[in-house]
Amino acid sequence: VLQISKDDVTALQCKVVCLIQNGNFKEALSIINTHTKVLTSDIIAFEKAYCEYRLNRIESALKTIQSASQQTDKLKELYGQVLYRLERYDDCLAAYRDLIRNSQDEYEEERKTNLSAVVAAQSTWEKVVPEDLGLREATYELCYNSACALIGQGKLNEAMKKLQKAEELCRQSLSEDSDVTEEDIEAELAIIHGQMAYIMQLQGRTEDALQLYNQIIKLKPTDVGLLAVIANNIITINKDQNVFDSKKKVKLTNAEGVEHKLSKKQLQAIEFNKALLAMYTNQADQCRKLSASLQSQSPEHLLPVLIQAAQLCREKQHAKAVALLQDFADQHPANAAEIKLTMAQLKIAQGSVTKACMILRSIEELQHKPGMVSALVTMYSHEEDIDSAIEVFTQAIQWYQQFQARTNYGCCVFQPKSPVHLSLIREAANFKLKHGRKKEAISDLEELWKQNPKDVHTLAQLISAYSLVDPEKAKVLSKHLPSSDTMSLKVDVDALENSHGATYVRKKAGKLTGDNQQKEQGQGEVKKKKKKKKGKLPKNYDPKVTPDPERWLPMRERSYYRGRKKGKKKEQVGKGTQGSTTAGSSELDASRTASSPPTSPRPGSAAAVSATSNVIPPRHQKPAGAAATKKKQQQKKKKGAKGGW
């Protein structure tokens, strides 16, 4: 037909539709663009917009749809898809609502599925609380989208139940088709299982999540977007561990067509993780390149500059890291708070606690917060800068006073303070008392007592502080203390003493009867006298002989002790170093004493008498009978050696 009439509108339109059915979108779009005079926007607007949509020319597709003179149902359907890809979720939601309201055909279920997908995207990426659309979750697609919306709200347990229901519905619907195999069912369930693994990861069940992620990868699904998300999540689990596996998984995130399957935030998260992986693998240049690219794409985002600062810190360039963060804080005041907290952390790591305090105090929106006040006071106390710590308390208390003055415009004379304000005043008073600033603490304590005159604890602290500064004032204030009768507490002392953890437990007294009970009532408690046991006497005790009065003293301290008798030979044997000679060595010479007749021993010195030539030192002496036993052993050996060799 076209050979006969090349500008035949019907023939050209049919050819374009055939090319679209065969997936030749570029050729179809080329024919439309070359025959613009014949194929006007009124005739072929939908086909042109659809080709642009499939070629990922989303902005061009939107212009084509908006330029159409008549908005047909087909164009409205495509318009909703285009808005979803452009992440204009509010406009997309309105478009699908209009379609569902004004159309009745067999595609109603698909439109409801797309509507639920828009709501899930809003909940996940824009943190919008989804409204109840009243959709009956009869299909696994609707259950899946509902689970995604619950994940965006942080309702992980409910989302897991929805995914389990979606899995059951998916198996039921696909098993009814006899042509569908088990592998096809598992491939369809891959996206549901991937979302289940993501919930496990958020719940801290990283081992279970990792196992499920790897099972999905083994199935080799055709959806490159699903593979990229799973690979990215595995990298986040690995962190700085198992870097080799993370490098392999990065390749899945670089697959062709991934950028058209994922949202902008998903793609951004993948690029962030690539930069962090480059930092962990010591690829400094690659890390800088990726983080700089991310910063150029979203200049106000915190992560790129934080990654650059972390890389500089790994290279021991802390000063450059702090300067980089300071420049970012100056350029983007809205994000300055988080950046300055990081700067303070770096200063603390360097040991510059005072500089860290200065940075923290420069964060105006946080300096009055109780957590920030506590951190600053602790750091100043560590540096023994008590004046600065008290100044932090004073500024925070003044901020709450000014805030209360701004919120209470009435003419009331007395305004009760907020619990946070009172808590700060009390902590300031306790801190001043602890560091000896009694006079400064008195004003805070008086303010607290003024707020609550019945607070006995505050009054006691105030009296204690005044007692060191103004005793007369302390006496006046002490009159406000309640009497002992009003302060008596109904406490069971016995139960308290016998309770678990008591340092002292009183033993239970035995029951008293008869006369003992009367004595107890009349005289009070009487201590029992312990019976003394008779001491044991020595065996050689003689009652007729008076015992030695000095018997309890050591022998050396007794008056009649004269010291030990000095024996000549006894004193010399075994003394001195081995092999040395003593002064009495001539007496032990055998040649001198051999001819002399033996002398009779002295009474009481038999232990010192021995043959001069046969003297053996005590260490070398053998026990009696040792030689005899040795001979017997030798004889036994000879008897037992009859066989020979």
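Cβ coordinates come from backbone N, Cα and C, glycine included.
Here's what TrEMBL has on this protein:
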type: COILED; residues: 58-113; note: coiled coil
type: REPEAT; residues: 190-223; note: repeat 'TPR'
type: REGION; residues: 506-645; note: region 'Disordered'
type: DOMAIN; residues: 507-563; note: domain 'Signal recognition particle SRP72 subunit RNA-binding'
type: COMPBIAS; residues: 527-537; note: compositional bias 'Basic residues'
type: COMPBIAS; residues: 539-560; note: compositional bias 'Basic and acidic residues'
type: COMPBIAS; residues: 591-608; note: compositional bias 'Low complexity'
type: COMPBIAS; residues: 629-645; note: compositional bias 'Basic residues'
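Below 8 angstroms of C-beta separation, residues 140, 144, 147-148, 151, 156, 159-160, 163-164, 166-167, 170, 183, 229-231, 233-234, 236-237, 252, 261 of the same chain, each at least six residues beyond the ends of the repeat 'TPR' (190-223), sit close to that stretch.
Taken through DSSP, the repeat 'TPR' (190-223) splits into 26 helix, 0 strand, 8 coil.
Within the model, the coiled coil (58-113) carries an average pLDDT of 89. Taken through DSSP, the compositional bias 'Basic and acidic residues' (539-560) splits into 3 helix, 0 strand, 19 coil.
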